[in-house]
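For reference, the structure is listed below as structure tokens.
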Amino acid sequence: MISSHSSDPATQHLLLQATKNRIRENPAMESPQARKSGLNLPTGMSETLLRLDSVPVSFRAVSSLSASPGSCRAISNLSSPSKSSTCSDRFIPCRSSSRLHTFGLNEKASPVKEGGNEAYARLLKSELFGSDFGSFSPAGGAASPMSPSKNMLRFKTENSGPNSPYSPSLLRNDSGFSSETTPPKPPRKVPKTPHKVLDAPSLQDDFYLNLVDWSSQNVLAVGLGTSVYLWSASNSKVTKLCDLGPNDGVCSVQWTREGSYLSIGTSLGRVQVWDGTQCKRVRTMGGHQTRTGVLAWNSRILASGSRDRNILQHDLRVPDNYISKLVGHKSEVCGLKWSNDDRELASGGNDNQLLVWNQQSQQPALRLTEHTAAVKAIAWSPHQSGLLASGGGTADRCIRFWNTTNGHQLNSIDTGSQVCNLAWSKNVNEIVSTHGYSQNQIMVWKYPSMGKVANLTGHSMRVLYLAMSPDGQTIVTGAGDETLRFWNVFPSVKTHTSVKDTGLWSLGRTQIR
């Protein structure tokens, strides 16, 4: 039993709500006076009783309802109000119409980075809460911070338009993260100028010669006229190894893989082997009829190529001048390189042919004839077995890549100028090429995309000679302009970062002799 004299405001509110619910269920109880005023009031109740001018308010007119048989049912309706009712004693917010700025989402930009934070905040809010939110202006208040059809938090959104490149939906898919979202790495920076220049008087401008090589013991060998000079990269000391005399000349130099012995090809077709430490000649071998322009060592065999079109294989452990002769080229042999596993020998000639030999036969295993000019530039990949790169002369200008297991050409790229040398980086999967007519440039390529990493210029004549330092970071190039230039082009093995000028050698120009 609810007392009619109760002055508790909560009780009065419950009784008033019950009265309203009962009147809705029995419209006949509504008085004419109430209909005139627009309020649903029971018979005998006036508007003055509903005024809140003074507290407590008397509910004597309503107290009679407590004794009526339907009073219990009217009060019980408080626990489950009618669905058509617009009144409630609780506030349930609607997220679709919420104003998110009232929750502190529109923060001011940080004073440290003026402008930058504001633009980033607008972009972030636009992607998280929709484009309408990004256009909201707290000052103007004209735009709604969120579309009524969107929720602040939801698992999926409709694809109503093209996605922004920064959209979170691009960062995920049903199977996981997408590889396309990984931003491309910026190109590695390569110094554009050489950090060291050596004068090399009498360095010949002859495409078919190979006069520069860098040993694993960090000693550079250079053939100048009739003499060979050694330059130590660790202390810049220059040593004259030999002088062949007025009737002979240096055509090629090549260090053994251990870096202790240097082989020299001469104009008279001889091959000499010198001890680089003691500056003493160890062996002289004949067999060629004319100049020996290219040499190549594997672990125990020295191969030599000559203008007489033959390739000879020498073994210092036997007394004979050579142990085998490889005949296949129709013109001067100017390129020779052993594969990293010593199983295959690639040779290039002035007959535009690239031949691949193996130890099982004295006939070429592959005869590749796609080049249209002399093939001097040859390089085996240290990263992939059976991958061979070759470059053609002025009429060809192409770098071609081959799979020597089946003889297929994998790729070809026109460089626009004569390809004089090729060398793979052993630290990263890149290749460097030097060029002659007509640009005389040095180019670093990313394999297999063949994107250009660097384009270096500095020589005024064809860049005919190329060698790489033992650590694989520095290359030295030589040209008919009688200079040797040292370039930092490749990163180290452990840290594939931007190549920096190490300052190992002082800047400026010095002479190698």
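Note that Cβ sites are derived from N, Cα and C of the backbone, with glycine treated the same way.
Per TrEMBL, region 'Disordered' is recorded for 23-42 (among others).
What TrEMBL records for 67-89 (among others) is region 'Disordered'.
Residues annotated as compositional bias 'Polar residues' in TrEMBL: 67-88 (among others).
Taken from TrEMBL, the feature region 'Disordered' applies to 140-194 (among others).
Annotated compositional bias 'Polar residues' per TrEMBL: 158-180 (among others), in sequence order.
Feature annotation from TrEMBL assigns domain 'CDC20/Fizzy WD40' to 198-487.
Helix first, then strand, then coil: DSSP counts for the repeat 'WD' (326-367) stand at 0 helix, 21 strand, 21 coil. As annotated by TrEMBL, repeat 'WD' applies to 326-367 (among others).
Here the repeat 'WD' (368-412) has Cβ contacts under 8 Å with residues 207-208, 331, 334-341, 344, 346-356, 418-424, 426, 429, 431, 433, 436-437, 445, 447-448, 450 of the same chain, all six or more residues outside its ends. Among the features that TrEMBL reports, repeat 'WD' is placed at 368-412 (among others).
Counted with DSSP, the repeat 'WD' (456-489) comes out as 0 helix, 19 strand, 15 coil. Feature annotation from TrEMBL assigns repeat 'WD' to 456-489 (among others).
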Per-state residue totals over the repeat 'WD' (368-412) - DSSP helix, strand, coil: 0 helix, 24 strand, 21 coil
